[in-house]
Amino acid sequence: HYTASTRQAHSKHILLQLNSLQYTVFQIAKEFTLPVVCVSVFFLCLSLYLSGLSLYLSGLSLYLSGLSLYLSGLSLYPSGLSLYPSGLSLYPPGLSLYPPGLSLYPPGLSLYPPGLSLYPPGLSLYPPGLSLYPPGLSLYLSGLSLYLSGSLPCPSVSDPQWYAARQSIRLDPKGKSLKDEDVLQHLPVGTTATFYFRDLGAQISWVTVFLTEYGGPLLLYLMFYFRAPFIYAPKYDFTTSKHWVVHLACMCHSFHYLKRLLETLFVHRFSHGTMPLRNIFKNCTYYWGFAAWMAYYINHPLYTPPTIYGEQQVRIALIIFLFCQVGNFSIHIALRNLRPPGSKTRKIPYPTKNPFTWIFLLVSCPNYTYELGSWFGFTLMTQCLPVAFFTAVGFIQMTVWAKGKHRSYLKEFRDYPPLRSPILPFVL
Amino acid sequence: MSAPAIGTTKTAHSDVAPKKKRGPGALATAYLVIYNVVMTAGWLVIAVGLVRAYLVRGSYHGLYFSIEKPLKFFQTGALLEILHCAVGIVPSSVVLTGFQVLSRVFLTWAVTHSVREVQSEDSVLLFVSAWTITEIIRYSFYTFSLLNHLPYLIKWARYTFFLVLYPMGVTGELLTIYAALPYVQKTGLYSVTLPNKYNFSFDYYTFLILTMVSYIPLFPQLYFHMMRQRKKVLAHVEEYKTE
């Protein structure tokens, strides 16, 4: 069936490759029929919704273009608050039709001083842009599927079925996988070596997964914020909330996910290139589902701003949120600087000159601590139960990860500082 | 891994051979035997209660009221099974068992108990009788397995009766939930509306509809899982017998 051939890449490394059938995108689809069907049904419904939306909006644009001529002379266009284009520029294929139409939108819909309606000028330009959206979306989806299949490090006609990323080669069937950098001469083998091969299943790159799972919440929240039709009652379409907390929450949420997207592209260094393909469905469901659930309530016309301590609560929450965002970013930078580019060395992180990293004295995984703090701040800011649920679930998951990381630190480094806790100082 | 349907009449533990236990020691085995015997007895009480009530009344309408208390007690008692899995004395998955038991308990308390108007429906009798027969067989199956003296009849019954009882139970459950819908909508039972201080809303009516819809993917999965289990378990015995 398949022959194992050893191929020496260069004198120090041996790569075992199994030659067999070619692995096609069709086989990927067969392996994950149910998730693929669910995803395509979801996108089909989404495109139907958006086509209906564009019809509605083209009618609206006729009215508004007349109005905009009058108002454009009066309106202010604060620049700098166009979150959309920057977030969307990360989705090149297919969506390139979107930003031109939509980049005209934010200036019109950006934060305005209460009482001054900037809507109509920006909005009159919106429908034409949006009516291009469904065809753009279908292009995007075909592009995305090509991109996903391309990002799986395999499918070319001559490649073997089990490409390197999904090979797990071990000395012991129940043991840990050998690393790419392992050298045969340094392994505990005698004159003959027996390797056990395991197929890890279809793999997808971390960067792809992160971009997709963070891009969704960014867009979904904004859809709810701008009150796209068919979400709330028709009389609320494209209205904005009268509570300034809602605008603030939108900015915070969007900033958070934008920060995550940029960190994925420019800051993080991933030790494993890939993860199992089914993770993208699982992760996206989690992030997108929760983002939609939270956004629905925060941007609801009947939303009640914090009542317990009112404005003061929101201010404190904002300070906590921003503090933790900066902290989270500092930790990511500090972790990135631990590891020179391209290497996979593992070192103990220590506090640097940046005060936000001094938490390393007490905590092993302060990025999770700060993340928890950010979401806690966001919960306080919005006083919304779904947000509290999201924070709680995230806290549980991050605690599990932090404990695992803490344990592996302790196992790997003998001189690991004893004062540190996994995620919460002294407590957890 | 096939997810079980809500309130399954035949709970499908992934246990073709529960006799293969490395976990429970003698004390745990004794406790489990007692637990299973008590549950078998309890469900027998419910069965007898149903038959007696039918004989007394002469009709099969409104029999729920005669066995309401033991049904609630013993169905809720099944929550202990989640604990058994969590502690490790039963080699089943906590999540799977939890899902099954919680769906049963949900139907008992959150639908039948909470919406009084459905208690006189015939669909209640449908699923209660399906549950009763299933549980009697299932708990006696576990009892005998723990004692390593499993009569073939019980094993056969466990893996055959579900073919009829499972659809019967699912029909009863769905009809009951469907009957409860108008009352839930009218009274706004267990629902929270906006605006409120915590910016949260929950519509029990929609939740019940979604529950009913979820039967569509879950029921076939579990049914065919049980059929596959049946082939495996009863085929083995066939081979053993012919040797």
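Cβ atoms are placed via backbone N, Cα and C, with glycine included.
Note that TrEMBL annotation is computational and uncurated.
The annotation transmembrane segment is assigned in TrEMBL to A:32-50 (among others).
Residues or ranges marked as transmembrane segment by TrEMBL: A:56-77 (among others).
Predicted-model confidence for the domain 'TECR-like N-terminal' (A:159-199) is 77, expressed as mean pLDDT. What TrEMBL lists as domain 'TECR-like N-terminal' is A:159-199.
Taken from TrEMBL, the feature transmembrane segment applies to A:204-224 (among others).
What TrEMBL records for A:274-428 is domain '3-oxo-5-alpha-steroid 4-dehydrogenase C-terminal'.
Annotation source TrEMBL lists transmembrane segment at A:283-302 (among others).
As annotated by TrEMBL, transmembrane segment applies to A:314-335 (among others). Long-range neighbours of the transmembrane segment (A:314-335) within the same chain, counting only residues 6 or more positions beyond its ends whose Cβ lies under 8 Å from a Cβ of the stretch, are 245, 248, 252, 255-256, 259, 263, 267-268, 305-306, 349, 352, 354, 356-357, 359-360, 366-367, 369-374, 376-381.
Per TrEMBL, transmembrane segment is recorded for A:356-378 (among others). Using a Cβ-Cβ cut-off under 8 Å and counting only residues 6 or more beyond its ends in the same chain, the transmembrane segment (A:356-378) has close neighbours at 249, 252-253, 256, 317-328, 330-332, 334-335, 349-350, 387, 390-391, 394-395, 398-399, 401-402, 405-406, 409, 417, 419-426.
If you look up TrEMBL, you'll see A:384-402 (among others) marked as transmembrane segment. Counting only same-chain residues 6+ beyond the ends of the transmembrane segment (A:384-402), those with a CB under 8 A from a CB of the stretch are 290, 293-294, 296-298, 303, 364-365, 368, 371-372, 375-376, 378, 422-423, 428.
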Residues of the domain 'TECR-like N-terminal' (A:159-199) by DSSP state, where helix covers H, G and I: 6 helix, 8 strand, 27 coil
